[in-house]
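Presented below is the structure to which this report refers.
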């Protein structure tokens, strides 16, 4: 513990001198670092893990139908806020600016589709569901400019998640204190920061004063994360403070966090918490059948209570990086890990259609193809597809950046009957291409 104090005392002094961030950010950062240095146990005792029952992870099909009376539906929706996590950049796909401004389909971006969905919901039921965007310091300025174009811009509210200094590993000092004052000296500490940031921004109290009760949190790049009235109705009726949407694992999801029952509480189990000798068991689809979609429904009053009590001590995710040859450390948390601190917390085992993330150009190929259609801002799977699972698609590095991907397809192939596609090398697609079954296309690399 003496070593921890030796590191923490000079760090506190250095952080106090960082005038780019608020007092609440400084306090949050020091709290996170001191927890990390104290060596809090992150791993679980394997023998204590239990499979959750249907009362804890509720099958979606068992949820009651939505009320037929539109006035009742309006009442439900008027208690809801939609919050999209909008802190990520599109750099992995070769784009600059927020990832949510990448064009997904028909010239519309993720953000366009999200706004269209909210507009249609409010117009259909005469309700007022506000849209919140949690930006990071990386995406804030660009996002503010973009939302000016929307008709409902007054109903789009933005706030920034915390900005923490990267830690130099060699001597545990903040990178900005060493002269790295630009953006590279800082990081957003993961989406677990959504709860304190919602409170610190003043948005939480404002929403509670408007009579809002629940927030639906989802990644802005998950096209399947749309408002679901059956889920909302179930949570309000049963007074659940927290709900995580989970869905059945496939081989592509073996690293995804899963829900377990642990010491009488429902808990998210991530691969980093699994003892090495049990990692293969964790990846097993037979043993751990569901994984976290990061679609979360949370009681606003419960968030206020727990943030005020400083009770949300989620597992810390150490993320080592390198900036200009300097080894640094980022400490992050995940919103899903907060489930164990809320009362009456549950999972709901939802259809796979509610998990349609676009993390790479291979996902973009899926959603731009005839596998999907666009209706009122919603991306809906083509009924002509006999297999409910999407084909697996593996594109070579030549397709990694969005611009390269688009230039290599004169038009997107028909893939309704495709099982799998693997493309390697310098491959270009013409118009009118149909891919069926298992397809492998190889050419010389560029």
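Just so you know, glycine gets a Cβ as well, placed from its N, Cα and C.
Remember, it's a predicted structure, so these values are computed and weren't measured experimentally.
Per TrEMBL, the feature UTP binding site maps to 99, 161, 190, 221, 359. Counting Cβ atoms from all protein chains shown, residue 221 (UTP binding site) has 22 others lying within 10 Å of its own Cβ.
Listed in sequence order, 85, 87, 134, 161, 217, 294, 334, 335 are the same-chain residues at least 6 apart in sequence whose CB falls under 8 Å from the CB of residue 191 (substrate binding site). Annotation source TrEMBL lists substrate binding site at 191.
Put plainly, the binding-site residues 99, 161, 359 were compared by Cβ crowding within 10 Å, and the winner is 161. Around residue 190 (UTP binding site), the C-beta neighbours below 8 angstroms that are at least 6 residues distant in the chain are 317, 332, 333, 334.
If you compare every pair of Cα atoms in 99, 161, 190, 221, 359, the residues listed for UTP, the longest distance is 21 angstrom.
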